[in-house]
2 protein chains.
Amino acid sequence: MAPVFQTEKTEGNARLGVILTPHGRVETPAFMPVGTAATVKGLTPRELWELGARIVVANTYHLFIRPGVVPVRRCGGLHAFMAWPGVILTDSGGYQIVSLNQLAQVLDDGVVFRSPWDGTLVTLSPKLVVSVQLEWGSDIVMVLDHCPPWPAGRRAVQQSVERTVRWARQSQQVFWEKLAKNDSFWSPPSRPLLFGIVQGGVYADLRKACATALAEMELDGYAIGGVSVGEPEELLVESIEATVPWLPTGKPRYAMGLGEPWQVVELVARGVDLFDCVLPTRLARHGVAYTSCGRLSLRRKELSEDVSPLEEGCSCYACQHFSRAYLRHLWKAREILGVVLLSLHNTCYYVSLMQRIRDALRAGEWERFRRAFLGHNRKGGEVWE
Amino acid sequence: MAPVFQTEKTEGNARLGVILTPHGRVETPAFMPVGTAATVKGLTPRELWELGARIVVANTYHLFIRPGVVPVRRCGGLHAFMAWPGVILTDSGGYQIVSLNQLAQVLDDGVVFRSPWDGTLVTLSPKLVVSVQLEWGSDIVMVLDHCPPWPAGRRAVQQSVERTVRWARQSQQVFWEKLAKNDSFWSPPSRPLLFGIVQGGVYADLRKACATALAEMELDGYAIGGVSVGEPEELLVESIEATVPWLPTGKPRYAMGLGEPWQVVELVARGVDLFDCVLPTRLARHGVAYTSCGRLSLRRKELSEDVSPLEEGCSCYACQHFSRAYLRHLWKAREILGVVLLSLHNTCYYVSLMQRIRDALRAGEWERFRRAFLGHNRKGGEVWE
C-alpha cells in the first residue's frame, strides 16, 4: 500500500509534502480551518472551498454531545452532514473534554463527564472515540489523549503520558479491527488515517518518552498536543522542539491549536506540517483582520472613509468587492455580513500563507521567505489594533 | 422618453409589468429583500443575486445616521458601497424616523430628532432626503413622508396627509433640479425614478385625497405607506383597497413593509406590483423557514434526524446541500451559518413566489394559481411552528 505521506522536498527541517486521504490530497504545510461543530464559523462550505481550503477540523467530543452520533450517521457521515467535499480531520476532543468540563473525571479506561446540554453522565473511551470517527467517515482520526491542564506537576504529566500511550494502543487496535470489517464510508485502497497525540507538558524527557512510544506504533501521523494551553510562548516552542526529533521523519506532524501567522512560520521551520487555529474566525467576530502589515482592527475610526480593500491584491471575495469603509460600517452596525466577510478574509489569509510557504519551499527559497515574513510580522511588529 | 413602467398583461386587477431603471429591469410583481443598513441581513450580494433577487431596499434615514453621507459617496455610491449590481430602491425613512425616535418632532418643513448613536440633533427635510438619495446613486428615490402612528385620530392623519403632499411637491422640485444638473452616477437616457407615498391611515376619504393629489403630480410610482404599522389585517387590506383605485394604472404600486406570502398574493390580486418585508430574514434569525406547507420551525425535535432538505425541489444553496437535521443542529448550536442558510432559503422562497406569480400571470392562470396558493397557505392553514 502506498505511503499516506510523501515528502517532496525539504529545506532545513521544513518539509514540502502531501498527505493522501479518502477525500483527496492535502498539500503540506497546510492550515486547517476549525469547524468544531461541523461548521467553520460564519462560512459556507462553498466559500471555504473557493478560498482554497481543502481540509477542515471537526471535534468528535462536541459533535458526540450535540447533535449526537445518529443524526450524522443518518445523513451519510460528516462530509454529507456538513456538505464538505474536502478532507476532514476529526479531533478526538481529549483536550476539550477536560478543559470545558471542570468536573470531568479522567479514569484509566476513559473520561466521564456530565453533558453540558442535558446533564446526563457521558463516558468516552478510546475505543468509542475511534469507532465514532470511523462511523462518521472521518479522513483523519485522532486518538483520545489525556491532556493535563497548565500548569501541571511532573507526576500528573507523567501519568497523563502513560494513559495517552495506553489509550493510543487501544485506539490503534480498534481502528484496524474496524477497517478490517470495512463497514463504513471508505473503499480500498484509500483508507482513513490514524494520528497519535504526543503529551508530556513542558518536560522534555516526558515528551521524548511519549513521542518514542507512539513512534514505535507506526501510526499514520503525529500530533503535538498539550501546547498553546496557557503556557508562555517560549515554553510552547520548547515543547515542540523537545518532541519533533523523536517523531519519524516519514510521517506528518501536526501542532494542535496553533497559531499566530509568525508561529506557523516558526514551526514550519521546525518540521511541523499541519496547523489548526480558531484565530482567523474568532478575531473576525471581534472585528480584526489579518493583513501583510499585521492585524487591522475595524474599530479604527480613520477606516470610516477608507475606500481601499482590507488587503490590496488579496484574491478573497471580501477584498474583491468591499472597502474598509463598508466593512467598518457593517462592524459598527453589528451586521452578520461583517463577521462573514472578515472570517472569509482571515481564513483566506491563513490558507494563502500556507500556499506561499509551499511555493517558497518548492522554489528552494524557504529561508529567504521565512526571514522576510518574520521581519514584517513578528510579534512586536506593526500591529494596528 | 420611454415610460419607466410597462404593463405586459393584466388579469383582474393583477398586472404583469416591468420597471426600467439605471441598474436594469425589474419584472413585477416583485419582492424586494430589505437591506436597511446597506446589507440584506446575513447574505452576501452574490448569494442574493444567485437566488434571483434583482432589486433590494435600503433605508436613507438609517444610512444617513450611520455611516453618514460621506463614506457612501467616497465609495462611489450605494451600489459600489454594498457591492450590489442590481437595482436599489432607497426608502426615505419617514416611517422609521418617527417610529424609532420617540422624541422626533415633525415640523412643517421636515423632521428633527436626536441621533440614536451620538445624541446630536439631526434635521431631515424633504429636499435633503431626496438630494442624499440622488447623491448615493439610488435607482428609485422615495419622497419623505409623514407616517402617523397607529392608532391616530382623523385630525392628526389629515395633517400628516397635507404634510406628505406638500413634501412630495418639494421633493419633486428638487429631484428634477438635481437631474437637470446631471452631476451624479447615472447617465441619460436612463434616470433614477421618484416615487410618492400615500398616507391617510384607515380613513378612506383621506387615502383618496392623498392618492389623488399625488397622482396629479405624475410621479414615477406610488407607494402605499402607513400600512402594516400595527393595525388589524382587515384594516390593512381596506387601506390598500381605499388607495389603489385613485392611483394611475400606468405607474407601479408598492405596498410598503408587506408581508406574509398570502398577503403578497392577496395584494397582487388588488393591483400591487412591489413588496418589501423583513420577514424572510427576521424569521431566519428565529429559526423559522418558509415552505410550501407553511412555516417550519427548527425548534421541532423530530427534525433532529430528518435528512430531507427544508423544501423538496427548492433550488436554493441551502436546500441543495443541507438537511433539516444539519440546519437544526446549527440552530441549536447558535451557529452563524444556520442564520445564513435560513435567510438564503427564506429570501429565495419569496423571490421564487414572485416568479411563480409572474409565470401564472403570463400564462393567463393567475386566478387558478391564487386560489390554489391561498388554499395551501392562508393564515390559519398548516403552520408548523
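The backbone N, Cα and C atoms fix where each Cβ goes, and this holds for glycine too.
TrEMBL tags one of the stretches A:26-30, A:166-170, A:251-255, A:281-285 as region 'RNA binding', and that stretch is A:281-285. Residues A:Cys314, A:Cys316, A:Cys319 are given by TrEMBL as Zn(2+) binders; from A:His329, A:His345, that same site also lists A:His345. In the record from TrEMBL, residues A:Asp91, A:Ser92, A:Gly93, A:Gly94, A:Tyr95, A:Asp145, A:Gly226 bind substrate; the candidate from A:Gln172, A:Gln173, A:Gln199, A:Gln263 listed for the same site is A:Gln199.
Comparing the binding-site residues A:Gly93, A:Gly94, A:Gly226 on other C-beta atoms within 10 angstroms of each C-beta gives the minimum for A:Gly93. For the region 'RNA binding' (A:281-285), the DSSP counts in helix, strand and coil order read 5 helix, 0 strand, 0 coil. Those binding-site residues from the list A:Gly94, A:Tyr95, A:Gln199, A:Cys314, A:Cys316 that have a Cβ under 8 Å from chain B Cβ atoms: none.
When Cα-Cα distances from A:Gly93 (substrate binding site) are compared across the binding-site residues A:Cys316, A:Cys319, A:His345, the shortest belongs to A:His345. Counting other CB atoms no more than 10 Å from each candidate's CB, the binding-site residues A:Ser92, A:Gln199 peak at A:Gln199. When the alpha carbons of A:Cys319 (Zn(2+) binding site) and A:Asp276 (active site, nucleophile) are compared, the span between them is 23 angstrom. Taking the Cβ of A:Asp145 (substrate binding site) as reference, residues of its chain lying under 8 Å away and at least six apart in sequence are, in sequence order, A:Ser92, A:Gly94, A:Tyr95, A:Thr164, A:Trp167, A:Ala168, A:Ile197, A:Gln199, A:Gly225.
The CA atom of A:Asp91 (active site, proton acceptor) is located 13 Å away from the CA atom of A:Gly226 (substrate binding site). Taken together, the residues of the region 'RNA binding' (A:281-285) have an average pLDDT of 98. Taking the centre of the Cβ atoms of A:Asp91, A:Ser92, A:Gly93, A:Gly94, A:Tyr95, A:Asp145, A:Gln199, A:Gly226 as the substrate site, the nearby residues of that chain (Cβ within 8 Å, site residues left out) are A:Gln96, A:Ile97, A:Met142, A:Leu144, A:His146, A:Cys147, A:Ile197, A:Gly225, A:Met256.
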